[in-house]
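> Sharing a structure, written as structure tokens. Questions coming.
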Amino acid sequence: MKLNISYAITLFLFILPIVLSVENNGFRVELRHVDSKGNFTQSELLYRAAARTMNRLSQIRGRQLFSSANIISTMRGGSKETPLGTYYMDLAIGTPPLFYSLIVDTATDLIWTQCTPCKKCVFQPTPIYNPSRSTTVSPIPCNSPIYEYLCSVDPPPPSCLCSYNYTYVAGWTSGTLKTETFTFGTTKAVQLSETVFGCSTSSSDDFNGTSGLVGFSRGVLSLPSQLNVSMFSYCLTSFFDTNSTSTLFLGHSAKFSGTAVKTTPFVKIPSDSPLSAFYYLSLQGISLGTTKLSVQPSAFTFQSDGTGGFIIDSGTTITNLINPAYHAVQNAINSIVNLRRVNGSNINGLDTCYNVPSGSSLPTMPDMTFHFQGADMVLPVENYMIPNPENNLWCLALFGTDGVSVLGNYQQQNFHILYDVDKDVLSFAPAQCDSL
């Protein structure tokens, strides 16, 4: 969607008081892992992560092939066994405020939750939001610039209902757009009135017991856009520590500094690209220790047909690398690890694993470096190898793909990562995320 100036001005004026407060002061919210409420073994956590990643990869490829200009859409999907997304945030909707858990998604702009009366609602642990019980919910008026931008239909439908149908290739949700008061945080709560959100009365069963999504893409309906904040950041705790909370920062509080901070520009791609909502980076090479792997920078270049490129994504768990790069990493690991190689696909979902005899120590491994334009991301061994002691395995936390490459959140663990949407750059630095 292209930004309509009158819509943007109207939306900004609606939320101006809270916008000024958030941009000047910022706020933080906790993120929880989707597996935090389950009593999973390490093998089960790995298998679920691998399954989410493979579903995500197939969905991205499907989004590239089957995008439709007639559907407001983004990319997501999954199944009951492999939930959509990896992290969720708790927020309150309505007056009086009721708390709901919504998945954080950097690849979509829409904020939505399930609403009554349901046509096809799916399970969530909290009561479904009922707009008739809130004193601050409103429809989007027919004569508002917001309606004109989002729902322009001539003639307007009965009651001027602004309907939407977001498709996620493997999942979907539909309903009507409204405005409502949203409350973020508990100890220092921040309220955003007149938030444009989706009131979904039908959804596929892909959301793992959460109530909906919060979009963090570049789109005008995303949470950062509606707050008019120029930046947001997050710090994800260690993969197996599913009980600790990670942290998301918006506005001024998202900033961090220091000599360890590296910055790389986002890659500009055409707005009509099927994956234009994603944040693309320029990956120019990979090293293992001091050895630069034989991978051409063009392997990660976004192509004119919409394929290729390198994305950073909140919803992908394990990084996907284009096959030539993946095989180069795989061969480099094989040359260092003097252990029997095992295909763990049927055990934990990972195809490159090594058998670690009982009582043995893990081999010492060098750092792996992703060379982005102007910035090196140095990954310690725990960010690219995964222990699976239940099965005496030690596995490479990467997948190969013949499509777009994606930086997953396993590789992002214990990095503070900043999206500066005004400057169009990504900054990152190592951090102890459970102590922020």
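Going from the start of the chain as shown, residues are counted 1 onward.
Just so it is clear, glycine is given a Cβ too, placed from its N, Cα and C backbone atoms.
Annotations in TrEMBL come from automatic prediction, not curation.
Pulled from TrEMBL, these are the listed features:
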type     : residues : note
ACT_SITE : D105     : active site
ACT_SITE : D313     : active site
DOMAIN   : 87-429   : domain 'Peptidase A1'
SIGNAL   : 1-21     : signal peptide
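Structural setting of the listed features?
For D313 (active site), other Cβ atoms within 10 Å of its Cβ number 23.
When pLDDT values are averaged over the domain 'Peptidase A1' (87-429), the model yields 90.
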> Could you state the CA-to-CA distance between D105 (active site) and D313 (active site) to the nearest Å?
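Distance (Cα to Cα, whole Å): 8 Å.
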